[in-house]
């Protein structure tokens, strides 16, 4: 079957849920037996979000092949349950970088390099590349930002040209827009949507389907009005109401007929949708019978999107144990030895996620000490694992001032140190240990009990690691090296004895968890937290 292309744009305001809409549609099409891939176009000039502040961008999601990408790729992977690649995130910076390098090599044979055709051709090639990479039936491309943003214009021109190139019936434009409800007037206003579509049509794109984000169900009259002024059939106006749980959205959009509309407009040869697995999962989510509280101790807690995959993975662990997970957000800068008892006394488990820099580091270490001494389930990820090693070195081995050389380059006991192959690297972007690496597990450990495999593969994003100069001293005092690289050079997982569940991992398991396939470590972490709570 010839590959079909779906483009999702946004209007009126940002953060409308284009990514969830694209991911939900991808799930519905996959449930019809189609092979689907999704990509995100981001109009910012950064090559990738790897060096951006979490306050600016939220989480950096890492793919198997080591790409640092937009957090929407996490939604895509969780919803369609497929591993994406570096080709699934395209930025203005990445495209211009490629075009300028081609110009320097002389690939354009002395021609004047311009936005049209050179930038737009590069953008089109990135769309077609995804189709070829995995031989998929459908490629869904989300265009970041809002129609009308000046930086989005080359992206919109590129997808306009693709519709012309692939021919009628092989592409579909979906516009996600806001329908504000004025409570005082008691009515939904359609004018912002009309103007957004007018802007889109002004650059040559006629939406085939309009998805309306609204807090109130829209009537047939409102659909007809939008259809009339936006030049589409009223039946092609879809209502996308607020949902209690993200994973309900595919079923809500199916009830609105979105996937049927897309199949009809793209003339897709596919089977009837089978949402039974997803429906069963959502039913389970709605009937969770218990609750556990997990203290997430981090430095970016004001912006929950900075830890979105961690939170979703905790929820997945809850699904597997029939409990809802209440995340208690704890700013690590505010945790001290004097207040740690009161701050953490009401949690059933403690998670310290990844991060960079010294801000809040002592609060994380203090929280880990409290979890270790009070036998509260602990899960450390990346920097969280490194902090666990530092805490153990200080308080069990008595190595006063032990630290990471990232935080204290002059420390007498650098139990965490820069990886040898990172020492001559000056550039910050894309130079860390990134992507999927193997890890060999030791038997009779919590990690092995969770995975039930000797060799696992997980995604990494770090420059610093466990310093092997301290391996012997730490293990002699009870630190367990539960997982290492296959050559035994890198320590990937640490645990401790005589504790219900204390696990630190150098990798990022949250990037591989799915709502229908919870990650084993998150599953077991929540399981033990439930047990400890019952006691």
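Each Cβ is built from the backbone N, Cα and C atoms, and glycine gets one as well.
Binding site for ATP per Swiss-Prot: 15, 16, 17, 18, 19, 20, plus 72 from the candidate set 64, 65, 70, 72. For the L-glutamine site, Swiss-Prot lists 55, 383, 384, 385, 386, 406, 463; matching the candidates 355, 357, 435 against that entry yields 355. Residue environment of residue 189 (UTP binding site) contains 14 other Cβ atoms, counted within 10 Å of its Cβ in all protein chains. The average pLDDT for the domain 'Glutamine amidotransferase type-1' (293-535) in the predicted structure is 94. Considering only the recorded positions 14, 16, 17, 382, 510, residue 55 (L-glutamine binding site) has 14 as its nearest partner by CA-CA distance. Neighbour counts were taken as the number of other C-beta atoms within 10 angstroms of each residue's C-beta; across the binding-site residues 17, 19, 192, 355, 384, the minimum falls on 192.
Between residue 355 (L-glutamine binding site) and residue 382 (active site, nucleophile), the C-alpha separation comes to 8 Å.
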